[in-house]
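*Asks:* What TrEMBL shows for this protein is this:
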{"type": "SIGNAL", "residues": "1-17", "note": "signal peptide"}
{"type": "BINDING", "residues": "61, 172, 174, 333, 344", "note": "Mg(2+) binding site"}
{"type": "BINDING", "residues": "61, 348, 385, 386, 461", "note": "Zn(2+) binding site"}
{"type": "ACT_SITE", "residues": "111", "note": "active site, phosphoserine intermediate"}
(Lines of atoms letter the chains of each structure in order from A and count residues from 1; the text may use other names and numbers.)
(Lines give C-alpha, C1' and ligand atoms only; values in the text may rest on other atoms or scores of the structure.)
Protein backbone atom coordinates (compact mmCIF):
# COMPACT_ATOMS: atom_id res chain seq x y z
CA UNK A 1 0.00 0.00 0.00
CA UNK A 2 2.82 2.40 0.90
CA UNK A 3 4.55 1.62 -2.40
CA UNK A 4 1.31 2.40 -4.27
CA UNK A 5 0.95 5.72 -2.46
CA UNK A 6 4.55 6.64 -3.30
CA UNK A 7 3.91 5.79 -6.95
CA UNK A 8 0.78 7.96 -7.02
CA UNK A 9 2.69 10.82 -5.40
CA UNK A 10 5.45 10.55 -8.00
CA UNK A 11 2.92 10.55 -10.83
CA UNK A 12 1.19 13.59 -9.32
CA UNK A 13 4.50 15.46 -9.18
CA UNK A 14 5.32 14.59 -12.79
CA UNK A 15 1.85 15.70 -13.92
CA UNK A 16 2.15 18.89 -11.88
CA UNK A 17 5.40 19.78 -13.66
CA UNK A 18 3.76 19.32 -17.05
CA UNK A 19 0.89 21.60 -16.06
CA UNK A 20 3.11 24.68 -16.14
CA UNK A 21 3.39 26.31 -19.59
CA UNK A 22 7.04 26.59 -20.67
CA UNK A 23 6.98 30.39 -20.94
CA UNK A 24 5.79 30.67 -17.32
CA UNK A 25 8.93 28.92 -16.09
CA UNK A 26 10.96 31.93 -17.22
CA UNK A 27 10.86 34.70 -14.59
CA UNK A 28 11.25 37.28 -17.37
CA UNK A 29 7.77 36.37 -18.58
CA UNK A 30 6.24 37.52 -15.30
CA UNK A 31 8.47 40.59 -15.03
CA UNK A 32 7.57 41.73 -18.55
CA UNK A 33 3.89 41.12 -17.91
CA UNK A 34 4.02 43.19 -14.73
CA UNK A 35 5.83 46.04 -16.49
CA UNK A 36 3.21 46.08 -19.25
CA UNK A 37 0.50 46.29 -16.60
CA UNK A 38 2.40 49.08 -14.85
CA UNK A 39 2.61 51.10 -18.09
CA UNK A 40 -1.14 50.69 -18.57
CA UNK A 41 -1.75 51.84 -15.00
CA UNK A 42 0.43 54.92 -15.46
CA UNK A 43 -1.53 55.90 -18.55
CA UNK A 44 -4.65 56.02 -16.37
CA UNK A 45 -3.26 59.13 -14.72
CA UNK A 46 -4.60 60.97 -17.77
CA UNK A 47 -8.23 60.89 -16.72
CA UNK A 48 -11.02 60.65 -19.29
CA UNK A 49 -13.22 63.56 -18.24
CA UNK A 50 -15.31 63.71 -21.41
CA UNK A 51 -19.06 63.84 -21.19
CA UNK A 52 -20.53 60.36 -21.58
CA UNK A 53 -22.79 60.62 -24.60
CA UNK A 54 -23.78 56.98 -24.14
CA UNK A 55 -24.29 54.86 -21.03
CA UNK A 56 -24.42 51.06 -20.92
CA UNK A 57 -25.08 49.19 -17.69
CA UNK A 58 -24.45 45.44 -17.88
CA UNK A 59 -26.01 43.55 -15.00
CA UNK A 60 -24.99 39.95 -14.42
CA UNK A 61 -27.75 38.77 -12.12
CA UNK A 62 -26.15 36.72 -9.36
CA UNK A 63 -22.66 37.22 -10.82
CA UNK A 64 -20.57 37.29 -7.68
CA UNK A 65 -16.77 37.36 -7.73
CA UNK A 66 -16.49 33.56 -7.56
CA UNK A 67 -18.78 33.33 -10.59
CA UNK A 68 -16.65 35.87 -12.48
CA UNK A 69 -13.48 33.87 -11.77
CA UNK A 70 -15.04 30.53 -12.71
CA UNK A 71 -16.49 32.05 -15.90
CA UNK A 72 -13.02 33.35 -16.82
CA UNK A 73 -11.60 29.82 -16.50
CA UNK A 74 -14.51 28.35 -18.47
CA UNK A 75 -14.03 30.90 -21.26
CA UNK A 76 -10.38 29.94 -21.58
CA UNK A 77 -11.11 26.23 -21.49
CA UNK A 78 -13.75 26.61 -24.21
CA UNK A 79 -10.89 28.04 -26.31
CA UNK A 80 -8.69 25.02 -25.48
CA UNK A 81 -6.53 26.91 -23.00
CA UNK A 82 -5.87 26.07 -19.39
CA UNK A 83 -8.26 28.88 -18.43
CA UNK A 84 -6.82 30.64 -15.41
CA UNK A 85 -4.71 33.03 -17.49
CA UNK A 86 -7.65 34.00 -19.73
CA UNK A 87 -9.23 37.44 -19.70
CA UNK A 88 -12.89 38.23 -19.73
CA UNK A 89 -13.98 41.34 -21.61
CA UNK A 90 -14.88 42.90 -18.29
CA UNK A 91 -11.36 42.14 -17.02
CA UNK A 92 -10.09 44.62 -19.60
CA UNK A 93 -12.02 47.51 -18.04
CA UNK A 94 -9.46 49.74 -16.28
CA UNK A 95 -11.46 50.66 -13.17
CA UNK A 96 -12.82 48.22 -10.61
CA UNK A 97 -14.80 48.88 -7.44
CA UNK A 98 -16.83 46.89 -4.94
CA UNK A 99 -20.52 47.47 -4.21
CA UNK A 100 -22.25 46.70 -0.92
CA UNK A 101 -25.44 44.88 -1.83
CA UNK A 102 -27.58 44.75 1.32
CA UNK A 103 -31.21 45.87 1.14
CA UNK A 104 -32.57 48.30 3.72
CA UNK A 105 -34.25 45.40 5.53
CA UNK A 106 -32.04 42.48 4.45
CA UNK A 107 -28.42 41.57 5.05
CA UNK A 108 -28.52 39.15 2.09
CA UNK A 109 -30.46 40.95 -0.66
CA UNK A 110 -32.87 40.05 -3.43
CA UNK A 111 -32.87 41.23 -7.05
CA UNK A 112 -35.66 43.80 -6.60
CA UNK A 113 -34.25 45.90 -3.78
CA UNK A 114 -30.82 45.84 -5.41
CA UNK A 115 -32.26 46.86 -8.81
CA UNK A 116 -33.85 49.87 -7.14
CA UNK A 117 -30.42 50.76 -5.75
CA UNK A 118 -28.31 50.54 -8.93
CA UNK A 119 -31.01 51.98 -11.20
CA UNK A 120 -32.87 54.50 -9.03
CA UNK A 121 -30.06 55.54 -6.72
CA UNK A 122 -31.78 54.72 -3.41
CA UNK A 123 -31.69 51.56 -1.33
CA UNK A 124 -35.00 49.82 -0.75
CA UNK A 125 -36.66 46.85 0.95
CA UNK A 126 -36.38 43.39 -0.53
CA UNK A 127 -39.11 42.46 -2.97
CA UNK A 128 -39.99 46.05 -3.93
CA UNK A 129 -39.06 47.89 -7.14
CA UNK A 130 -38.85 51.59 -7.95
CA UNK A 131 -39.98 52.75 -4.50
CA UNK A 132 -38.35 53.97 -1.30
CA UNK A 133 -37.75 51.97 1.85
CA UNK A 134 -41.00 53.45 3.13
CA UNK A 135 -42.85 50.80 1.11
CA UNK A 136 -43.54 47.42 2.68
CA UNK A 137 -43.61 44.39 0.42
CA UNK A 138 -47.15 43.32 -0.62
CA UNK A 139 -48.75 46.44 0.83
CA UNK A 140 -50.13 48.43 -2.07
CA UNK A 141 -51.38 51.20 0.21
CA UNK A 142 -47.81 52.14 1.23
CA UNK A 143 -46.73 52.94 -2.35
CA UNK A 144 -48.33 56.31 -3.11
CA UNK A 145 -45.84 59.16 -2.90
CA UNK A 146 -42.92 56.77 -2.42
CA UNK A 147 -42.09 56.27 -6.12
CA UNK A 148 -38.51 56.94 -7.26
CA UNK A 149 -37.32 57.41 -10.85
CA UNK A 150 -34.47 55.57 -12.54
CA UNK A 151 -31.46 56.52 -14.61
CA UNK A 152 -33.40 55.30 -17.65
CA UNK A 153 -35.96 58.04 -16.96
CA UNK A 154 -33.20 60.59 -16.33
CA UNK A 155 -31.64 59.71 -19.69
CA UNK A 156 -34.98 59.95 -21.47
CA UNK A 157 -35.64 63.35 -19.87
CA UNK A 158 -32.17 64.38 -21.08
CA UNK A 159 -33.15 63.68 -24.68
CA UNK A 160 -31.39 60.35 -25.02
CA UNK A 161 -32.72 57.14 -26.52
CA UNK A 162 -33.21 54.33 -23.98
CA UNK A 163 -33.39 50.57 -24.14
CA UNK A 164 -33.76 47.40 -22.08
CA UNK A 165 -32.34 44.00 -23.04
CA UNK A 166 -32.77 40.99 -20.76
CA UNK A 167 -32.72 37.22 -20.82
CA UNK A 168 -35.52 37.23 -18.25
CA UNK A 169 -39.10 38.36 -18.71
CA UNK A 170 -39.10 42.11 -19.34
CA UNK A 171 -41.26 42.52 -16.24
CA UNK A 172 -38.68 40.82 -14.02
CA UNK A 173 -37.19 42.58 -10.99
CA UNK A 174 -34.10 43.95 -12.73
CA UNK A 175 -35.67 45.62 -15.79
CA UNK A 176 -38.86 46.62 -13.97
CA UNK A 177 -37.00 48.93 -11.59
CA UNK A 178 -36.12 51.01 -14.65
CA UNK A 179 -39.76 51.94 -15.32
CA UNK A 180 -42.12 50.56 -12.65
CA UNK A 181 -43.07 51.26 -9.04
CA UNK A 182 -44.39 48.21 -7.22
CA UNK A 183 -44.77 46.93 -3.69
CA UNK A 184 -44.21 43.42 -5.02
CA UNK A 185 -41.76 42.37 -7.72
CA UNK A 186 -44.00 39.40 -8.60
CA UNK A 187 -46.98 41.47 -9.75
CA UNK A 188 -46.06 40.81 -13.39
CA UNK A 189 -49.67 41.12 -14.57
CA UNK A 190 -52.95 41.75 -12.80
CA UNK A 191 -53.37 37.97 -12.76
CA UNK A 192 -50.61 37.75 -10.13
CA UNK A 193 -52.00 40.53 -7.93
CA UNK A 194 -54.18 40.04 -4.82
CA UNK A 195 -57.67 41.64 -4.80
CA UNK A 196 -56.71 44.28 -2.22
CA UNK A 197 -53.85 45.53 -4.41
CA UNK A 198 -56.14 45.79 -7.45
CA UNK A 199 -58.81 47.54 -5.41
CA UNK A 200 -56.14 49.86 -3.98
CA UNK A 201 -55.33 51.14 -7.45
CA UNK A 202 -51.89 49.57 -7.84
CA UNK A 203 -50.90 48.71 -11.40
CA UNK A 204 -49.26 45.51 -12.49
CA UNK A 205 -45.71 45.74 -13.87
CA UNK A 206 -46.55 44.83 -17.49
CA UNK A 207 -49.11 47.64 -17.62
CA UNK A 208 -46.55 50.06 -16.19
CA UNK A 209 -44.10 49.00 -18.91
CA UNK A 210 -46.55 50.25 -21.52
CA UNK A 211 -47.88 53.30 -19.67
CA UNK A 212 -45.17 54.79 -17.42
CA UNK A 213 -42.51 55.52 -20.05
CA UNK A 214 -44.26 54.81 -23.36
CA UNK A 215 -41.36 56.04 -25.47
CA UNK A 216 -38.70 53.46 -24.52
CA UNK A 217 -37.13 52.81 -27.91
CA UNK A 218 -36.00 49.19 -27.39
CA UNK A 219 -37.44 46.45 -25.17
CA UNK A 220 -36.10 42.92 -25.79
CA UNK A 221 -36.50 39.82 -23.63
CA UNK A 222 -39.13 37.33 -22.55
CA UNK A 223 -42.52 37.61 -20.83
CA UNK A 224 -45.17 37.41 -23.58
CA UNK A 225 -47.86 35.82 -21.45
CA UNK A 226 -48.14 38.82 -19.13
CA UNK A 227 -49.10 41.02 -22.07
CA UNK A 228 -52.14 39.03 -23.26
CA UNK A 229 -55.65 38.17 -21.95
CA UNK A 230 -56.05 35.22 -19.59
CA UNK A 231 -56.12 31.88 -21.44
CA UNK A 232 -55.13 33.43 -24.78
CA UNK A 233 -53.00 30.88 -26.65
CA UNK A 234 -49.31 31.63 -27.07
CA UNK A 235 -48.13 32.18 -30.63
CA UNK A 236 -45.19 29.78 -30.25
CA UNK A 237 -46.67 27.19 -27.88
CA UNK A 238 -50.42 27.21 -28.72
CA UNK A 239 -51.16 23.87 -27.05
CA UNK A 240 -49.35 24.44 -23.74
CA UNK A 241 -51.61 25.77 -21.01
CA UNK A 242 -48.75 27.09 -18.83
CA UNK A 243 -47.83 29.54 -21.59
CA UNK A 244 -51.30 31.06 -22.02
CA UNK A 245 -52.00 34.72 -21.31
CA UNK A 246 -52.50 35.79 -17.69
CA UNK A 247 -54.27 39.16 -17.85
CA UNK A 248 -57.58 39.41 -15.98
CA UNK A 249 -58.40 42.79 -17.55
CA UNK A 250 -58.49 41.06 -20.98
CA UNK A 251 -56.21 43.73 -22.45
CA UNK A 252 -53.74 43.11 -25.26
CA UNK A 253 -50.78 45.16 -24.04
CA UNK A 254 -48.77 44.63 -27.21
CA UNK A 255 -51.55 46.39 -29.09
CA UNK A 256 -51.68 49.04 -26.36
CA UNK A 257 -47.91 49.50 -26.78
CA UNK A 258 -48.51 50.14 -30.49
CA UNK A 259 -51.42 52.51 -29.85
CA UNK A 260 -49.52 54.95 -27.62
CA UNK A 261 -46.78 55.64 -30.17
CA UNK A 262 -46.75 59.11 -31.81
CA UNK A 263 -48.30 59.42 -35.29
CA UNK A 264 -45.82 58.83 -38.08
CA UNK A 265 -43.50 56.71 -35.92
CA UNK A 266 -42.86 53.07 -36.82
CA UNK A 267 -43.27 50.59 -33.96
CA UNK A 268 -42.39 46.93 -34.55
CA UNK A 269 -43.26 43.92 -32.39
CA UNK A 270 -41.42 40.63 -32.98
CA UNK A 271 -41.37 37.27 -31.22
CA UNK A 272 -39.03 35.30 -33.48
CA UNK A 273 -35.27 35.60 -33.97
CA UNK A 274 -35.68 35.57 -37.75
CA UNK A 275 -37.94 38.63 -37.68
CA UNK A 276 -35.63 40.49 -35.28
CA UNK A 277 -32.56 40.01 -37.45
CA UNK A 278 -34.46 40.84 -40.65
CA UNK A 279 -35.52 44.31 -39.46
CA UNK A 280 -34.32 47.38 -41.32
CA UNK A 281 -33.44 49.30 -38.17
CA UNK A 282 -33.12 52.60 -40.03
CA UNK A 283 -36.88 52.46 -40.56
CA UNK A 284 -37.88 51.43 -37.03
CA UNK A 285 -38.47 53.97 -34.26
CA UNK A 286 -39.66 51.64 -31.48
CA UNK A 287 -38.96 47.94 -31.05
CA UNK A 288 -40.59 45.41 -28.73
CA UNK A 289 -39.32 41.83 -28.88
CA UNK A 290 -40.77 39.14 -26.62
CA UNK A 291 -39.22 35.79 -27.49
CA UNK A 292 -40.65 33.50 -24.80
CA UNK A 293 -43.88 33.40 -22.73
CA UNK A 294 -41.81 33.64 -19.55
CA UNK A 295 -38.06 33.88 -19.11
CA UNK A 296 -35.84 33.10 -22.05
CA UNK A 297 -34.21 29.68 -22.29
CA UNK A 298 -30.73 28.86 -20.93
CA UNK A 299 -28.03 29.66 -23.48
CA UNK A 300 -26.97 25.98 -23.55
CA UNK A 301 -30.58 24.94 -24.32
CA UNK A 302 -31.54 27.86 -26.57
CA UNK A 303 -33.33 27.17 -29.86
CA UNK A 304 -30.99 28.98 -32.26
CA UNK A 305 -33.75 29.35 -34.84
CA UNK A 306 -36.47 30.97 -32.73
CA UNK A 307 -34.64 32.72 -29.87
CA UNK A 308 -31.86 35.30 -30.33
CA UNK A 309 -28.79 35.17 -28.14
CA UNK A 310 -28.09 37.95 -25.67
CA UNK A 311 -25.26 39.14 -27.94
CA UNK A 312 -27.61 39.36 -30.92
CA UNK A 313 -30.17 41.34 -28.93
CA UNK A 314 -27.48 43.75 -27.68
CA UNK A 315 -26.22 44.30 -31.23
CA UNK A 316 -29.72 45.20 -32.44
CA UNK A 317 -30.35 47.46 -29.43
CA UNK A 318 -27.12 49.45 -29.82
CA UNK A 319 -27.65 49.97 -33.54
CA UNK A 320 -31.21 51.17 -32.88
CA UNK A 321 -30.21 53.51 -30.08
CA UNK A 322 -27.19 54.96 -31.87
CA UNK A 323 -29.54 56.74 -34.26
CA UNK A 324 -30.18 59.37 -31.59
CA UNK A 325 -27.53 62.12 -31.97
CA UNK A 326 -27.81 62.92 -28.24
CA UNK A 327 -26.79 59.41 -27.25
CA UNK A 328 -28.43 56.62 -25.32
CA UNK A 329 -28.81 54.63 -22.10
CA UNK A 330 -28.98 50.84 -22.38
CA UNK A 331 -29.64 48.36 -19.57
CA UNK A 332 -28.46 44.83 -20.34
CA UNK A 333 -29.36 42.04 -17.93
CA UNK A 334 -27.57 38.79 -18.62
CA UNK A 335 -27.97 35.49 -16.95
CA UNK A 336 -31.43 36.46 -15.84
CA UNK A 337 -34.06 33.80 -16.25
CA UNK A 338 -35.98 32.82 -13.15
CA UNK A 339 -35.56 34.65 -9.86
CA UNK A 340 -32.84 36.68 -11.44
CA UNK A 341 -30.73 36.39 -14.57
CA UNK A 342 -29.97 33.02 -16.07
CA UNK A 343 -26.72 33.12 -14.13
CA UNK A 344 -28.91 33.60 -11.08
CA UNK A 345 -31.42 30.93 -12.00
CA UNK A 346 -28.68 28.41 -12.77
CA UNK A 347 -27.18 28.95 -9.33
CA UNK A 348 -30.59 28.73 -7.62
CA UNK A 349 -31.05 25.32 -9.22
CA UNK A 350 -27.51 24.27 -8.33
CA UNK A 351 -26.71 23.98 -12.03
CA UNK A 352 -23.31 25.62 -12.17
CA UNK A 353 -22.68 24.67 -15.79
CA UNK A 354 -25.80 26.53 -16.92
CA UNK A 355 -24.93 29.54 -14.77
CA UNK A 356 -21.34 29.84 -15.97
CA UNK A 357 -22.21 29.47 -19.65
CA UNK A 358 -24.69 32.32 -19.14
CA UNK A 359 -21.89 34.43 -17.65
CA UNK A 360 -19.66 33.69 -20.65
CA UNK A 361 -22.48 34.76 -22.99
CA UNK A 362 -22.89 38.01 -21.05
CA UNK A 363 -19.17 38.60 -21.46
CA UNK A 364 -19.49 37.95 -25.20
CA UNK A 365 -22.17 40.66 -25.34
CA UNK A 366 -19.88 43.03 -23.42
CA UNK A 367 -17.16 42.43 -26.00
CA UNK A 368 -19.52 43.17 -28.86
CA UNK A 369 -20.72 46.39 -27.22
CA UNK A 370 -17.10 47.41 -26.71
CA UNK A 371 -16.46 47.02 -30.43
CA UNK A 372 -19.60 48.95 -31.40
CA UNK A 373 -18.84 51.94 -29.16
CA UNK A 374 -15.88 54.11 -28.15
CA UNK A 375 -14.51 54.68 -24.62
CA UNK A 376 -14.14 58.34 -25.59
CA UNK A 377 -17.90 58.91 -25.41
CA UNK A 378 -19.41 55.74 -23.92
CA UNK A 379 -19.35 54.89 -20.22
CA UNK A 380 -19.77 51.13 -19.79
CA UNK A 381 -20.31 49.61 -16.36
CA UNK A 382 -20.49 45.89 -15.55
CA UNK A 383 -21.73 44.73 -12.17
CA UNK A 384 -24.00 42.30 -10.34
CA UNK A 385 -26.98 42.75 -8.08
CA UNK A 386 -25.82 40.14 -5.58
CA UNK A 387 -23.72 37.01 -5.23
CA UNK A 388 -24.53 33.34 -4.52
CA UNK A 389 -23.26 30.69 -2.10
CA UNK A 390 -21.24 29.25 -4.99
CA UNK A 391 -17.61 28.32 -4.63
CA UNK A 392 -14.88 26.25 -6.24
CA UNK A 393 -11.77 24.87 -4.57
CA UNK A 394 -10.19 21.64 -3.42
CA UNK A 395 -6.57 22.40 -4.39
CA UNK A 396 -7.27 21.72 -8.05
CA UNK A 397 -4.20 21.71 -10.32
CA UNK A 398 -3.64 24.23 -13.09
CA UNK A 399 -6.00 23.65 -16.02
CA UNK A 400 -8.33 21.38 -14.04
CA UNK A 401 -11.70 21.25 -15.86
CA UNK A 402 -13.83 23.84 -14.08
CA UNK A 403 -16.66 21.29 -13.81
CA UNK A 404 -14.27 18.50 -12.82
CA UNK A 405 -13.30 16.68 -9.63
CA UNK A 406 -10.92 17.91 -6.99
CA UNK A 407 -7.66 15.93 -7.06
CA UNK A 408 -8.33 14.28 -3.71
CA UNK A 409 -10.93 12.44 -1.76
CA UNK A 410 -12.53 13.65 1.44
CA UNK A 411 -10.42 12.60 4.41
CA UNK A 412 -13.66 12.09 6.34
CA UNK A 413 -15.97 9.98 4.14
CA UNK A 414 -13.28 8.84 1.65
CA UNK A 415 -15.31 9.91 -1.37
CA UNK A 416 -14.42 12.21 -4.27
CA UNK A 417 -15.97 15.63 -4.67
CA UNK A 418 -16.30 18.19 -7.44
CA UNK A 419 -14.33 21.42 -7.28
CA UNK A 420 -17.61 23.38 -7.59
CA UNK A 421 -19.84 23.25 -4.51
CA UNK A 422 -22.69 25.24 -2.96
CA UNK A 423 -23.23 26.29 0.64
CA UNK A 424 -26.87 25.27 0.34
CA UNK A 425 -29.30 24.15 -2.35
CA UNK A 426 -30.90 21.18 -4.11
CA UNK A 427 -27.61 19.32 -4.63
CA UNK A 428 -27.65 17.90 -1.10
CA UNK A 429 -28.07 14.13 -1.58
CA UNK A 430 -27.79 11.28 0.88
CA UNK A 431 -27.51 7.75 -0.55
CA UNK A 432 -27.70 4.80 1.86
CA UNK A 433 -27.11 7.18 4.75
CA UNK A 434 -23.99 8.73 3.23
CA UNK A 435 -23.00 11.57 0.90
CA UNK A 436 -23.56 10.62 -2.72
CA UNK A 437 -20.50 9.31 -4.55
CA UNK A 438 -20.12 11.79 -7.42
CA UNK A 439 -17.99 9.38 -9.44
CA UNK A 440 -21.20 7.40 -10.01
CA UNK A 441 -22.99 10.33 -11.71
CA UNK A 442 -22.40 12.53 -14.77
CA UNK A 443 -21.11 15.61 -12.97
CA UNK A 444 -20.21 17.28 -16.30
CA UNK A 445 -23.85 17.28 -17.50
CA UNK A 446 -25.43 20.69 -18.09
CA UNK A 447 -28.18 19.97 -15.56
CA UNK A 448 -26.01 18.33 -12.90
CA UNK A 449 -26.75 19.84 -9.49
CA UNK A 450 -23.53 20.35 -7.58
CA UNK A 451 -23.42 19.08 -4.03
CA UNK A 452 -24.40 21.44 -1.24
CA UNK A 453 -23.83 21.51 2.51
CA UNK A 454 -27.45 22.26 3.46
CA UNK A 455 -30.55 20.88 1.70
CA UNK A 456 -32.81 23.53 0.16
CA UNK A 457 -35.16 23.33 -2.82
CA UNK A 458 -33.55 26.53 -4.12
CA UNK A 459 -30.01 27.70 -3.40
CA UNK A 460 -29.81 31.18 -1.86
CA UNK A 461 -28.07 34.43 -2.66
CA UNK A 462 -24.81 35.36 -0.98
CA UNK A 463 -24.29 38.54 1.01
CA UNK A 464 -20.75 39.58 0.04
CA UNK A 465 -19.84 42.63 -2.02
CA UNK A 466 -19.92 42.40 -5.81
CA UNK A 467 -17.46 43.79 -8.34
CA UNK A 468 -18.09 46.89 -10.45
CA UNK A 469 -16.05 47.20 -13.68
CA UNK A 470 -15.99 50.56 -15.48
CA UNK A 471 -14.63 51.93 -18.77
CA UNK A 472 -15.07 55.29 -20.50
CA UNK A 473 -15.76 58.89 -19.47
CA UNK A 474 -15.56 59.44 -15.71
CA UNK A 475 -15.07 55.70 -15.11
CA UNK A 476 -12.57 56.67 -12.40
CA UNK A 477 -15.52 57.71 -10.21
CA UNK A 478 -16.04 53.98 -9.60
CA UNK A 479 -12.90 53.35 -7.63
CA UNK A 480 -13.31 51.90 -4.14
CA UNK A 481 -15.95 50.35 -1.92
CA UNK A 482 -19.34 51.95 -2.53
CA UNK A 483 -22.92 51.58 -1.51
CA UNK A 484 -24.70 50.00 -4.47
CA UNK A 485 -27.01 52.98 -4.92
CA UNK A 486 -23.98 55.17 -5.77
CA UNK A 487 -23.66 53.57 -9.22
CA UNK A 488 -26.43 55.46 -11.11
CA UNK A 489 -25.40 58.75 -9.51
CA UNK A 490 -21.84 58.36 -10.84
CA UNK A 491 -23.12 57.36 -14.29
CA UNK A 492 -25.59 60.27 -14.41
CA UNK A 493 -22.85 62.72 -13.37
CA UNK A 494 -20.67 61.45 -16.22
CA UNK A 495 -23.49 61.97 -18.75
CA UNK A 496 -24.78 65.31 -17.39
CA UNK A 497 -28.26 63.91 -16.75
CA UNK A 498 -30.36 63.71 -13.62
CA UNK A 499 -30.41 66.29 -10.84
CA UNK A 500 -26.66 66.87 -10.38
CA UNK A 501 -25.70 68.94 -13.42
CA UNK A 502 -24.03 71.95 -11.81
CA UNK A 503 -20.69 70.90 -13.34
CA UNK A 504 -22.16 71.02 -16.86
CA UNK A 505 -22.60 74.04 -19.08
CA UNK A 506 -25.66 74.68 -21.20
CA UNK A 507 -24.35 72.37 -23.91
CA UNK A 508 -24.01 69.55 -21.41
CA UNK A 509 -20.22 69.65 -21.21
CA UNK A 510 -18.34 69.73 -17.88
CA UNK A 511 -17.12 73.27 -17.32
CA UNK A 512 -13.63 72.02 -16.46
CA UNK A 513 -13.22 70.30 -19.82
CA UNK A 514 -13.97 73.58 -21.64
CA UNK A 515 -11.27 75.42 -19.72
CA UNK A 516 -8.55 72.84 -20.32
CA UNK A 517 -7.58 74.01 -23.86
CA UNK A 518 -7.36 77.63 -22.68
CA UNK A 519 -5.27 76.65 -19.67
CA UNK A 520 -2.92 74.70 -21.92
CA UNK A 521 -2.56 77.71 -24.26
CA UNK A 522 -1.88 79.99 -21.30
CA UNK A 523 0.80 77.62 -20.07
CA UNK A 524 2.53 77.63 -23.48
CA UNK A 525 2.44 81.43 -23.70
CA UNK A 526 4.01 81.76 -20.28
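Just so you know, glycine gets a Cβ as well, placed from its N, Cα and C.
Unlike curated records, TrEMBL annotations are generated automatically.
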*Asks:* Could you round the CA separation between residue 344 (Mg(2+) binding site) and the residue listed as 'active site, phosphoserine intermediate' to a whole angstrom and send it over?
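*Replies:* The Cα atom of residue 344 (Mg(2+) binding site) is 9 Å away from the Cα atom of the residue listed as 'active site, phosphoserine intermediate'.
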*Asks:* What's the CA-CA gap between residue 174 (Mg(2+) binding site) and residue 385 (Zn(2+) binding site) in angstrom, rounded?
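*Replies:* Checking the Cα atoms of residue 174 (Mg(2+) binding site) and residue 385 (Zn(2+) binding site) gives a distance of 9 Å.
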*Asks:* Would you please pick out, from the binding-site residues 172, 386, the one with the fewest other Cβ atoms within 10 Å of its Cβ?
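*Replies:* Taking 172, 386 as the binding-site residues, the minimal 10 Å Cβ count falls on 386.
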*Asks:* How many Å lie between the Cα of residue 333 (Mg(2+) binding site) and the Cα of residue 461 (Zn(2+) binding site)?
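*Replies:* Distance (Cα to Cα, whole Å): 17 Å.
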*Asks:* Have a look around residue 174 (Mg(2+) binding site) and count the other CB atoms within 10 A of its CB, chains all included.
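*Replies:* Other Cβ atoms within 10 Å of residue 174 (Mg(2+) binding site): 30.
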*Asks:* Looking only at Cβ atoms, how many others are within 10 Å of the one on residue 461 (Zn(2+) binding site)?
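*Replies:* The answer is 25 other Cβ atoms.
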*Asks:* Count the Cβ atoms, other than its own, that fall within 10 Å of the Cβ of residue 61 (Mg(2+) binding site), considering every protein chain shown.
*Replies:* 33
*Asks:* Taking just the CA atoms, what is the gap between residue 461 (Zn(2+) binding site) and residue 172 (Mg(2+) binding site) in Å?
*Replies:* 17
*Asks:* I'd like to know which of the recorded positions 111, 344 has the most other Cβ atoms within 10 Å of its Cβ.
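*Replies:* Most Cβ neighbours within 10 Å: 344.
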*Asks:* How many Å separate the Cα atoms of residue 386 (Zn(2+) binding site) and residue 61 (Mg(2+) binding site)?
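*Replies:* Checking the Cα atoms of residue 386 (Zn(2+) binding site) and residue 61 (Mg(2+) binding site) gives a distance of 7 Å.
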*Asks:* State the count of C-beta atoms found within 10 angstroms of the C-beta of residue 385 (Zn(2+) binding site), not counting that atom itself.
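*Replies:* So the number of other Cβ atoms within 10 Å of residue 385 (Zn(2+) binding site) is 33.
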